[in-house]
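**Student:** Before I ask anything, here is the structure I am working with.
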Amino acid sequence: MRAGLWFPFLSLVGSCWCAPPQTCHPGDEFLGICSSSSGFEEKPTCTELNLGYCNDLEYSRTIFPNILGHRTRVDAESGAEYLLLSVIHGLLNGECSPEIRLVGCSVIASPCRNDKMIKPCRSTCDALRKDCIHAFEAIEMAWPYFLDCDRFFASEEEGCFDPLRGLRARQELALASIHPVEPSTIIQFIYTSNAQMYSLLKRTAAKCSHISHVYSIGRSTEGRDLLVIEFTNNPGQHELLEPEIKLVGNMHGNEVLGRQLLIYMAQYLCSEYLLGNRRIQTLINTTRIHILASMNPDGYELAASEVEDSNDPELSNQEGHLLNGWTNGRTNAQSIDLNRNFPDLTSVFYRNRRSRHFRTDHIPIPDGYWFGKVAPETYAVMKWIRSLPFVQSASLHGGELVISYPFDFSRDLHEERKFSPTPDEQAFQRLARTYADNHATMSDNDTDRCGASFHRTRGIINGALWYSFAGGMSDFNYLHTNCLEITVELGCDKFPAEQELYPEWKRNKEALLSFMESVHRGVKGVVKDADGNGIKGATVTVRGIRKAVTTADDGDYWRLLNAGVHILTATAKGYSRVSKRVYLPPNMNRAGRVDFVLTKVPVEPDIDDHLFPTVETWDRFDPYNQFERYNDPDAGGVEREEKPWWWNYFAQSGISPPHWLLRTV
């Protein structure tokens, strides 16, 4: 579709695309950097503004030659700069429109008074670049040279013109008309395409750059970014004793409500922080939050296209949201169900749980797993959850209205629906209750369900008791890392109608916020040596719970625990063992601090060492190194031999292709 957009625009300029050759870089001659080869200098003269894509500016007279060296209106219309402004809305999927066009027009056709040019304001350009550079990066396009803020713009002291003043005034008027009972954070409750999602998340991060940034954990089968937005008071790095939490949506491409809720949540966190919401500021200042809105963007593309087709009146099937949403787009582009594609560590746990020596946490990935078909999305998420010390997580799905928690795989192969608790059953129940009880209807026994009955448990259930499956993400989180993950089933309709998005946001907003706040439960602390240095990979165990957590790089740890008396023990290879008794009162609103200091002791060989997986053993990952291409840090720095898709907008127009739009190393 993109390739076809440029034809209507070419027809507007007809045969005017052949621009006269220039001996200077665009704009250099007018700035006095070089001179015309003809020796003739035109006197700048005010003239009527008559450029089709710039006629909605707040002034009616401009000047030629302009700041870019165009001598006439025809020259300006024949330039790549004007063509770019005419198609920028389509190129950027509506992002930063009409701001880019209005500011660009103020350069191509600057206002004129008394035959003198009034330059646009540099502050406007600086703000525009900060907000919109991500949109150009998303399509691998360089920032246009004629929007160089230092070169073509002026300061307020020089009497500059703000090309966005009128647009901002209209926007403020529109916001002022909103009824005061409406929320202060304005969110558009509509579905977003993958391109729109990327732009929205990047723009949100740019708006709140002091507390947020975006990063990619890899790419999907069809090459789409798995984009994460992070919120914390020091984005980009782990802070000592600050817990990390992740929210994952759209694992099944046709289960889209969670994807939209997480996009809205990202906007909400940014906006409310800036508006001074103390609850949101406290949450972000004390927590590192990672949001992966879409784990399966390829599947979403298919599901969204099917729903679009179902709304075609010429088609007989009018059940788009309810019928098509159950199957199409569930898997990734390789037809792999991502929630069945993780290593099955639960079977390993069941086989060895009775062994006194076998470690039931941080179970290594069996080498045989890598001989199977591992989806790039699965690999990217595994590498992500191993790279950060996540404490808890929620994966958002659809098809029922319930919270399920590990284990998802039954401990009895002959009984698929069997209660199969983890050692952290009580902690998992509380996590599930936190979400369900703060949801508007999930824990209500009178709520209509989608076929299953959860009235006895008020909206939560052990996963294997509901139905059993192997290779799930939640079981993998629990058995391979420190992270406790629940599965949130948001409702019966996997692809609800657009008018349902706002009601669903109202039902889930408090539940999502309360779940994120619940990470501040239990205990946290630092395991150090006698010199005060943090010990990486030390284990912290709780008596009666056969599940240890390991310390992060700086020796800090987090342990989700319910209220009560607990005996904690910290140990590390080559160090002493230290135990402490702690009491956690009910209704704690922050984790208790429990530090440990270990002293070095001689390391003696243990006959059972081969039965006890050490950190070095379980840390083996991807032994055949077959997926590194998805995470090569240098891959993005190499200029592609092929031109980007948008190059045809210019290459086939008859003008000299604008190499200044190509990103260079």
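Quick reminder: no glycine exception, Cβ is built from N, Cα and C everywhere.
Just lifted these from TrEMBL, have a look:
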- Glu489: active site, proton donor/acceptor (ACT_SITE)
- Cys125-Cys149: disulfide bond (DISULFID)
- 41-163: domain 'FZ' (DOMAIN)
- 190-519: domain 'Peptidase M14' (DOMAIN)
- 1-18: signal peptide (SIGNAL)
**Student:** Work out, from DSSP, the number of helix, strand and coil residues along the domain 'FZ' (41-163).
**Tutor:** 57 helix, 18 strand, 48 coil
**Student:** Identify which of the disulfide-bonded residues Cys125, Cys149 has its Cβ surrounded by the largest number of other Cβ atoms within 10 Å, counting every protein chain shown.
**Tutor:** Cys125
**Student:** Can you work out the mean pLDDT of the predicted model over the domain 'FZ' (41-163)?
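**Tutor:** Reported value for the domain 'FZ' (41-163) is a mean pLDDT of 88.
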**Student:** In angstrom units, rounded to an integer, how far apart are the Cα atoms of Cys125 (disulfide bond) and Glu489 (active site, proton donor/acceptor)?
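**Tutor:** Cys125 (disulfide bond) to Glu489 (active site, proton donor/acceptor), Cα-Cα distance: 45 Å.
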**Student:** Please report how many Å separate the Cα atom of Cys149 (disulfide bond) from that of Glu489 (active site, proton donor/acceptor), as a whole number.
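**Tutor:** Each residue's Cα considered, Cys149 (disulfide bond) and Glu489 (active site, proton donor/acceptor) end up 48 Å apart.
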**Student:** Does the residue listed as 'active site, proton donor/acceptor' have same-chain partners at least 6 apart in sequence with Cβ under 8 Å from its own Cβ, and which are they?
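**Tutor:** Listed in sequence order: His397, Gly398, Gly399, Glu400, Leu401, Val402, Ile403, Ser404.
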